Amino acid sequence: MPVSPPDWNQVYAQTTQPLHLDIGCGRGEFLLQMATQQPHWNFLGLEIREPLVQQANSKVVDLGLSNLLFLFCNANSSIDSLFSSWHPGALQRVTIQFPDPWFKKRQAKRRIVQPTLVDNLGAYLTSGGEVFLQSDVEEVAVEMRSRFDAHPVFYRPETAWLPTNPLPVPTEREISTLARGEPVYRMLFFRRDDV
């Protein structure tokens with residue numbers, strides 16, 4: 001069921017700032033650091049586990065951040081309801097990092113990057129906006145990559161996996177995966193200007 005959008009003017013001090021959407025934000029540590037380091041951006045974290053959202057929003061209050069909100073929702077059913085109320089061009093960056101792999105075949109439909117999600121991101125991401133994806137499960141990374149590759153509004157300049165994270169803050173999972181000497185599969189897509 002789609003989540004109803006909040007009154008964005010009550011959430012963010014400056015609603016005209018560019019927006020970074022993190023889908024499957026977990027405990028929110030990545031966005032808490034990003035929002036602190038980049039005060040001229042707004043950040044929105046979507047998470048399907050309500051206790052994690054409540055804990056993360058408590059940290060937002062404790063830190064006095066006015067550029068960050070965490071919402072409890074299913075991203076696949078809520079992107080349209082959330083972003084139809086935003087001004088055009090607000091959404092400039094999307095991150096999906098280390099999503100639940102749902103290894104069992106019958107559970108694959110629960111994976112976050114579904115064609116509908118890619119369609120909705122294509123509709124609301126501004127021209128030139130970016131989508132950064134990463135996983136430590138190659139099968140999941142390949143599936144995410146193929147879904148964005150198949151959509152006409154997205155392109156990626158690099159065909160190989162990215163060797164490093166282009167963002168200034170790594171996730172906890174990224175740090176622990178690299179510390180174990182295991183690979184991280186990363187890719188960066190952009191929204192075409194001409195579509």
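Even glycines carry a Cβ here, placed using N, Cα and C.
What TrEMBL says about a protein is an automatic prediction, not a curated fact.
Keep in mind that this is a model prediction, so the values were computed, not measured.
According to TrEMBL, the protein carries these features:
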- ASP22, GLU47, ASN74, ASP100: S-adenosyl-L-methionine binding site (BINDING)
- LYS104, ASP136: substrate binding site (BINDING)
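Least packed by the Cβ count within 10 Å, out of the binding-site residues ASP22, GLU47, ASP100, ASP136, is ASP100.
Mapped onto three states, the DSSP output places GLU47 (S-adenosyl-L-methionine binding site) in strand. Rounded to a whole number, the distance between the Cα atoms of ASP136 (substrate binding site) and GLU47 (S-adenosyl-L-methionine binding site) is 19 Å.
In space, ASP100 is the closest of the binding-site residues ASP22, ASN74, ASP100 to ASP136 (substrate binding site), judged by Cα positions. Just so you know, the Cβ of ASN74 (S-adenosyl-L-methionine binding site) picks up 16 other Cβ atoms within 10 Å once every protein chain is counted.
Taking the mean position of the Cβ atoms of ASP22, GLU47, ASN74, ASP100 as the S-adenosyl-L-methionine site, the remaining same-chain residues with a Cβ inside 8 Å of that point are ILE23, GLY24, CYS25, GLY26, LEU46, ILE48, ARG49, ALA75, PRO99, ILE112.
DSSP assigns ASN74 (S-adenosyl-L-methionine binding site) to coil in the three-state reduction, placing it in neither a helix nor a strand.
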